[in-house]
Amino acid sequence: MEPVECRAVIRFLYLKGRTPQETFDVMKVTYGDDAPPYDLVKRWHHEFKHGRNSVETAPRSSRPPSAINEASVHQVEAAILEDRRITIRQIAHELKTSTRSKEDNKETEERKRTFSDRQKSLEEKKAQQLKEEAERNKIEEERRIKREAKRKEKKDRERRESMQFQKIEEQRNEVSYYGPNFSVHPALTSPNIHPSRTSNLSVLSDKSSMKPSPIMKPDYDVFSEGMTPERIIGATDELGELCFLVKWKDTDEADFVPAKKAKLHCPQLVIRFYEGIIAWK
């Protein structure tokens, strides 16, 4: 029984839904001793079950589809002309070596090309990463420089203000510009001071008629009322601590404010007041 015919019968019975055992029994009855063995029937059932439809013999995978070609013929002729005593085995070995060498060379070239492309891709990716990292470092450095500049500017400003306050305090210790005789300051003659806010000035200018000083609450902050200070027109320590008489902007009112709060809310006005007092003296 021809192999192709055998496989065709097995496939026909498989498509009819017969099991390997039933197929073997049918073929045994039909073909007798020419029937294929059970293992072969079972193997082809498995092949057809997993998608194979052809019953032709599959080509050998180790044999190239075009083993005999024009190049092989020329190669054999050249080998015979070169050595008349060459054997068939030597010719076969020469052809096998040549074919394998060509395949190896092709595979090697493909591998080299793939490796080169991969290396090029990796180098480009690395260069891009280095470029992005350099840009990030540049941005971080610029931000750091700006932060340092702002921090230095803030420290310099605080140091200048501290030096100005210190200088003025030293000059204040040498020059008396506030005290019981409060009316000596020319700024107190300004008509913009509201009478209700300067009722204590006459008390401060005359010790003999001095009345008890008003009680100032240390936790009260006149600046919290939202009024804007315009200038400082006087100072006294008769209230138990150094206080400034602050004239408010867009009003005729003035209030005594503790010096520490005035330095906190309007330091420039305090500095300007000290400078004016020293120049006036």
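Yeah, the Cβs are placed from backbone N, Cα and C, and that goes for glycine too.
Keep in mind that TrEMBL annotations are predicted by a computer and have not been checked by a curator.
According to TrEMBL, the protein carries these features:
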REGION    51-71  region 'Disordered'
COMPBIAS  54-64  compositional bias 'Polar residues'
REGION    97-139  region 'Disordered'
REGION    188-210  region 'Disordered'
COMPBIAS  189-210  compositional bias 'Polar residues'
DOMAIN    227-281  domain 'Chromo'
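The predicted model assigns the domain 'Chromo' (227-281) a mean pLDDT of 81. The helix, strand and coil residue counts that DSSP assigns across the domain 'Chromo' (227-281) are 21 helix, 19 strand, 15 coil.
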